[in-house]
Structures are given as C-alpha cells and as structure tokens.
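According to TrEMBL, the features are:
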- 292-470: domain 'ArnT-like N-terminal' (DOMAIN)
- 483-660: domain 'Protein O-mannosyl-transferase C-terminal four TM' (DOMAIN)
- 24-45: transmembrane segment (TRANSMEM)
- 80-99: transmembrane segment (TRANSMEM)
- 300-322: transmembrane segment (TRANSMEM)
- 329-347: transmembrane segment (TRANSMEM)
- 353-373: transmembrane segment (TRANSMEM)
- 385-404: transmembrane segment (TRANSMEM)
- 410-430: transmembrane segment (TRANSMEM)
- 451-470: transmembrane segment (TRANSMEM)
- 543-560: transmembrane segment (TRANSMEM)
- 567-584: transmembrane segment (TRANSMEM)
- 590-611: transmembrane segment (TRANSMEM)
- 623-641: transmembrane segment (TRANSMEM)
Amino acid sequence: MEDFFVNNFNSIRNFISGIKIPGFATMMFGVTLISLIVIFAWGFIRIRNIKKDNVIITDYGLLDTEKESKPLFKLSKKDFIIMLAMAIFYAIPAIYNLGGLNVPETGWAPSGKDDGVIIDLGKNTQVSKLMLYQGYNEEKYDGTKFQIKYLNADNIYVDLETIDKTGFYSWKATAKEFTASKIKIVPNGPGAAINEIAVFEKASDIPLNIKSITSSNENSGAEPIQSPDGKAYSISNLADEQEKADFYTKSDTSTYFDEVFYPRTALDFIYKINPFERTHPPLGKYFVMAGMLIFGVNPFGWRIVGTLFGIAMIPLMYLFGLKIFKNRFYAFCTAFLMMFDFMHFVQTRISTIDVYVTFFVILMYYYIYDYFVKRSYKMGFKKSVLPLFLCGLTFGIGIATKWIAMYAAVGIFLIFIIAKLDDIACYTAYRKSGLCTDLFGSFWSKYFFRTALACVLFFLVIPSIIYFASYASVMQVPGNGVKEFFNNQVHMYTFHNELNIKHSYSSPWWAWPIMVKPIWYFGSKAMAAEKLTSSIICMGNPLIWWLSIPALIAGIIFAIKRKDKYMIVPIFGALYQYIPWMVVRRMTFIYHYFSVIPFIMIVMVYLMKIFSEYGGKKARRIIYAYLLLTALLFIIFYPILSGMIVPRWYASILQWFPGWSFRY
C-alpha cells in the first residue's frame, strides 16, 4: 500500500514538474482575458445605464413568465419525418462502399531474425508484384524489414527489394517485375505480423495458386512469438485467404491515412496492451472499438460508428437550426448544408476521432443555448441548471475524446458570463422598476452562488471523473496502474507543444477556409496503369467554405446591428473553435476546421433568413438555387470523396488549383 502511494505521488510530481507553459497557453489565456474584459465592460455599461425613469420592462424580460417554462421549440410529426428522411438520404451514400467485412485475418510472424519463408510457385513465372497484408502485432515489432528475394535462372536467390512493416491491416506491394519459380522472404527481426501473401502473374489481377509455403529454416531454433490477439501464428495462414487479396489496394480493404493509429489502438485496449496511439485521450478509440467488437476487425467495423455519428449530425443540426430560428425551412437549410459538405462526409467515413469530438462540441453549444436565451430566475433553479448539466456532461465526453473540446469550454464559459451579466441587468431593472414580484426572492443565493457551485460539479467534477475513467483500459495494462494516467498527460502535452515536424499536406489556419491545400487521404497507384483512379480527398464544399469567413464577419455585423442576442451562441462557437488554431505553434491540417464549420453554417442560414426577409420571393429563389448548386457540387465531387473508381481524366478536371492533388 505504501509503495502504491509513493509511486503515484512521484507520478503526480513528475506530471506537474513536466508541464511548461508554452506560447499557445499564454496566448489563449490572453485571448480569454481580453474577451472577459470586453464582456464585463459591456455588462457594466448596460447595468449602469439602467435608470428608474427609463426602464422598459419588456426589454429586461420582467413580464411573460409563463413563456420561460415552455420549450424553445416543439417538434411536430412533420419535423420527425424531415429529419428521418434527411438522415436516410444521407446515410445511403455514406454507408455505401464504406469498407469491406472480409479481409485477411489469420497471420504469421517470424520468431527471430532470418526466420523467413519460401514461396514455391510450382513453375517459372513472370511476376508483376508480390503483396503482403500487414497484420496486428505489438508496437516493439514495428519497423521490421522483410527482404524479398527470388530464385533466378542460375538457381541463386537475388535481392529484389525490401518491404518495411510499418502499417496495420493494409497491403504493401513490390514495385519491380521479375521471373522466378520461388520467392524467399527474410525478416531482420521477430514479431512483425503478416496476415496474407499474394503473388500476381503479369497481366492478371487474380493471385497465383501457390504450390507451397515453407520455413526458410535459417533460424529454426528461435521460440515462437505470441500473437497479442491470442490467435496462433502459422506459416499456412499466409496463403489461406487468397480470395481476399486486393490487387488494386482499394480503401475498402485497408487502413489509410491516420487509420493506422486508431483501430490498432482499439485492439490494444481489447487485449490490454500499451496503446499504440497515446497523443489523444482514449474515449474516441472506445467508439472505434465498439464497431470492431460488433462487426469484426475490418474496415467496415472500424469505420461504421464514426459514420453513424456523422449521420446523427444531420438531425442534430436540424434541431439546432429549429431551436435558433423557430422556422422549419431554416432548420432544413442548416441540416442541408451539413449533408452536402465534403469534409463532413469524408471525415465521418474515416476511422479517426474528429467526428466524435465535433459531435459533442455541437451538443455543448446546443445545450448552453437553452441556458443563454432563457431567464434562469423564471425557470426555477432545477430547470435552469439542467442545460448546464447536459452541457457539462457532453464536455466531459468531448474532452475525454480530444483536447480541442477545451476550446469549446472557453466559448461556453464566456457565454455563461454574458448570461449572468444579463441576469444582473434584469435584476437591476426590477429593483428600479417598483414592480412587486417574487421572481427575485433568492436571486443571489440561488441563481448565482448555487449555480456557480453546480457549475463546479458539472464542468469540473463530472468531466474529471469521465476523463479519468476513460483511461481504465490504459491503467489495466499489466505494470501500468494510475501512474500511467499522469505519464500520458505529460506525453500528450509535450507532443502537441513540440510537434514541429514537416508534412506535405499540413497547412496554416488562414488557408483552411480557402482550401489552399486539401489532404489526399487515399489513392490507389495500382489503377494508374489502366488510366483509372480511386481517391479520397479531405476538403470542404467550395460553395460553403469559400463563403465561410465573409459570412462569419457579415453575421457578426448584422447580429450587432439588429441586436440579435441569440446569435451569440453560434458566433462564439465558430470564433472559439477557430481562434485557438491562430495562436497554436504546432503543425496543423485542414481537418482542424471541421469543428468550426458547423457553427458557420448556422451563421450562413442566419444571413439567408435576413436576405429572405428583405428580398421576399426573389430572395427565396436565390436561396433555393444556392442550395441546389451546393448539392450538385457534392454530386460532382462524390467520386473523389468516396474512393469510387473513376477515369483519371475525371479526377484531373476537379484539380482546379495547383495545390489540389487528387490522383496518381
């Protein structure tokens, strides 16, 4: 017991001493402080200007108390039908060709250096390529090099090339053609798992029938390596699933881009192994794990849960739009923009964790909106803190998924401050109005001090419990315990603070809205010879993204001019998901804009509403045309967003700018 406390005390001490306040933290503190100064200045001026002779009762919400007890909107049968129809309509292309269910599962791993295999083709064959399907092994075996050799006409094994085992559930292939009857694969170390080997004869995309695979017997005395998933390694496993070989290495049979991290880490959690990916909290990987436990270790299994979250975003955006605009058409427009945004489609079909944190960030603002637009002292204490509880709960889930939920917490905190200053203004107006009401009977004790204590519970205690509990799988790894929780915080903080490496697809924050550099997530080289291509591109819909910053600026101006207080929530959502990326020093990518764009979509619909109010039927026709063009652009780009096989010329005509690369 004493050792337990000593070890954990040392871990906490190391955790605290390892933290260095970086420029990012200082800058964010400055941004938050400036925001608070502006907000408090506004609140002070507003409260100071309240005088006994100019109090307008309705401006401060002192009347119509019955209205506060009603929900902000009421769903009708028609709303449910619209949401269901939009979700189904979106789900069809989202789930279609999402990923295969049948990929090589059984594997083999060398017991030691030079413990390789010999593949007997049965006859001299002109081989176009040899392919290896990389399996699942412990991290320490990554980087193993497999030397590929072939038996030449002089009966001598000649070096062809080397394949590094660096991936997870993905195909790797040789690049050179050769003629041989036998192929030898020799590793430079133990443990790297290969699930299948496929050999292709020239001019054929069907794997050759392998006569036999035997051990090269160059290190026969080595002890067998234990598979982390408990499955027995066997040489015979290398050719037992030949029908699953994928000559074209399509996205539905392999991991691509950052999928190399998250599905693999989900498997680590299942088998209580130190996680491969440790740069983000664990909860997002649990969602990935859930899909794999239900559908198996395959592309469909590790992608489906994220796609379901993406589908759920459609009705969520509809509800958010309906809550803000109180109009079914504008709610439809809000969900429609999300339906046909390219990044929403792509980012929810790849097995990363951004979809989950974005979903919960939207929910955070969805719930804080209720608290912001209603008077807490009219709703009663219990009803008034319910939105805060739900907001804090989703914050806890979000922060346990990815730290960018903390950006949302800044926006939520500032919105809460504005709401309380507004309450003080109402209280001051009441005191000077001479009205007789018991609304403010326990104003300070209930709606300030007790609410503040509730916020400590909702936004600190509960999220901390969720965050700590999310590390259960990490702490259960033999030898880890609680100390690993603290070690991981230092590791994450250091990683994100010092990530200064270069990446060919990284881009700064200002380049995202104009899409200077989309990310080419996936491309199949094998199709280039046939003048075909299969690609997956991470970018936004130009008709949404190119207008996003002008729309945000215009939305802020109109909201201030029209005193549309309700727009503070989506505007703050956009600003405080975006501003942190302006001061961050680490390498960034266009997909970091993913959590910003939902709030800008709401602002864009706000501008549509204003335009429609002033322009009448003609404005509505322009809005219809804009929505139609947005959907049409999605249809045009769909092939290179989904990995569909299309002619190379089709992908080429979509490369509108030099920084857009969509094909081999």
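Heads up, the Cβ atoms here are built off N, Cα and C, so glycines get one too.
Panel annotation: around the transmembrane segment (590-611), residues 313, 317, 320-321, 324-325, 327, 330, 333-334, 337-338, 341, 343-344, 347, 354, 357-358, 361-362, 365, 404, 407-408, 505, 507, 509, 511-513, 515, 517-519, 538-540, 544-545, 547-548, 551-552, 554-555, 558-559, 562, 564, 567, 570-571, 573-574, 577-578, 581, 619, 622-623 of the same chain, lying at least six beyond its termini, place a Cβ under 8 Å from a Cβ of the stretch. Sequence-distant contacts of the transmembrane segment (451-470) (same chain, at least 6 residues past either end, Cβ-Cβ under 8 Å): 281-283, 286, 376, 381, 384-385, 388-389, 391-393, 395-397, 399-400, 409, 412, 416, 420, 485. If you count C-beta pairs under 8 angstroms between the transmembrane segment (353-373) and each of 24-45, 80-99, 329-347, 543-560, 567-584, the highest count goes to 567-584. Sequence-distant contacts of the transmembrane segment (24-45) (same chain, six or more residues past either end, CB-CB distance under 8 Å): 410, 413-414, 417-418, 421-422, 424-425, 497, 579-580, 583-586.
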